[in-house]
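Only one structure is covered here, and it is reproduced in the block below.
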Amino acid sequence: QMSNNSSITQFLLLPFADTWELQLLHFWLFLGIYLAALLGNGLIITTIACDQHLHTPMYFFLLNLALLGLCSISNTVPKSMANSLWDSTAISYTGCATQLFVLLASTEYSLLTIMSYDRYVAICKPLHYGTLLGSRACVHMAAAAWATGFLHALLHTANTFSLPLCKGNALDQFFCEIPQILKLSCSDTYLREAELLVAGVYLTFGCFVFILFSFVQIFKTVLRIPSEQGQHKAFSTCFPHLAVVSLFISTAMFAYLKAPSITSPWLELVVSVLYSMVPPAVNPLIYSMRNHEFK
């Protein structure tokens with residue numbers, strides 16, 4: 001038992017397996033997913049940066065999303081792989097704080113919201129596209145998304161690590177996550193962090209409503225397009241985005257809003273892998289699969 005955070009120099013992460021063979025399996029599985037994410041997002045960034053035809057708002061935001069995917073998966077997976085390989089579960093206090101800070105889930109949500117707005121303007125207000133989404137406006141929107149994520153992460157990290165922790169240092173997760181650290185707190189001041197989390201949920205809900213509204217308007221407009229080819233082209237730029245939004249929201253919601261009775265460590269582990277690793281690895285595939293320009 002630890003009296004406060006000053007005496008905690010490291011946290012213990014949840015091991016994936018208790019035998020060397022399974023740890024090795026975990027290492028290779030994570031390495032495969034990590035390399036797929038690096039390759040996919042790297043290809044997206046390189047292609048958009050090098051091809052003049054892809055210097056449009058839609059691809060600019062996609063480049064930002066790919067950069068974020070690389071950041072978020074590199075933040076948690078290499079450490080987990082190293083721990084498996086060296087048969088360890090430890091992460092330093094600073095390393096844990098860094099993982100909390102670089103999660104940047106609100107940046108991802110902001111970027112997905114902006115990308116929905118981009119599709120809405122392109123399909124519902126095509127004549128205003130150049131004015132509403134000029135290069136300066138795009139840079140400002142992307143900068144606002146990153147700034148929101150960093151500010152949000154800074155507030156959460158500072159708040160979480162200012163709490164006195166007295167229930168040991170073992171986390172039920174393969175990376176550092178706010179709910180898991182709150183479980184170690186022995187003070188009622190965790191309510192401050194709970195309030196921040198609730199504020200985050202409201203912000204997320206607001207973004208979700210905006211995304212939903214955008215897509216309802218898009219589908220209404222697309223269904224009025226007389227030519228089948230025009231409909232197909234409009235849908236082919238929207239469906240990948242809708243798939244990515246659905247994947248991100250469903251996994252994150254299941255992770256944070258599941259019933260307290262579902263406390264199986266294995267289920268929690270599977271869910272956390274789903275929302276922290278699958279989107280960065282799968283997003284590039286979803287976006288490039290139905291995209292002729294990208295191919």
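For all residues, glycine too, the Cβ spot is worked out from N, Cα and C.
As written in TrEMBL, here are the features:
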- 40-287: domain 'G-protein coupled receptors family 1 profile' (DOMAIN)
- 25-46: transmembrane segment (TRANSMEM)
- 58-78: transmembrane segment (TRANSMEM)
- 90-112: transmembrane segment (TRANSMEM)
- 133-155: transmembrane segment (TRANSMEM)
- 197-219: transmembrane segment (TRANSMEM)
- 239-257: transmembrane segment (TRANSMEM)
- 269-287: transmembrane segment (TRANSMEM)
| task | Run the contact check on the transmembrane segment (25-46) against the transmembrane segment (269-287): 3 or more C-beta pairs under 8 Å, excluding pairs closer than 6 in sequence. | result | yes
| Mean of pLDDT values spanning the domain 'G-protein coupled receptors family 1 profile' (40-287) | 84
| note | Sequence-distant residues near the transmembrane segment (58-78) by C-beta distance (under 8 Å, 6 or more away from its ends) are 30, 33-34, 37-38, 40-42, 44-45, 48-49, 98-99, 102-104, 107-108, 111-112, 114-115, 118-119, 122, 138, 141-142, 145-146, 174-175, 237, 276-277, 279-281, 283-284, 287
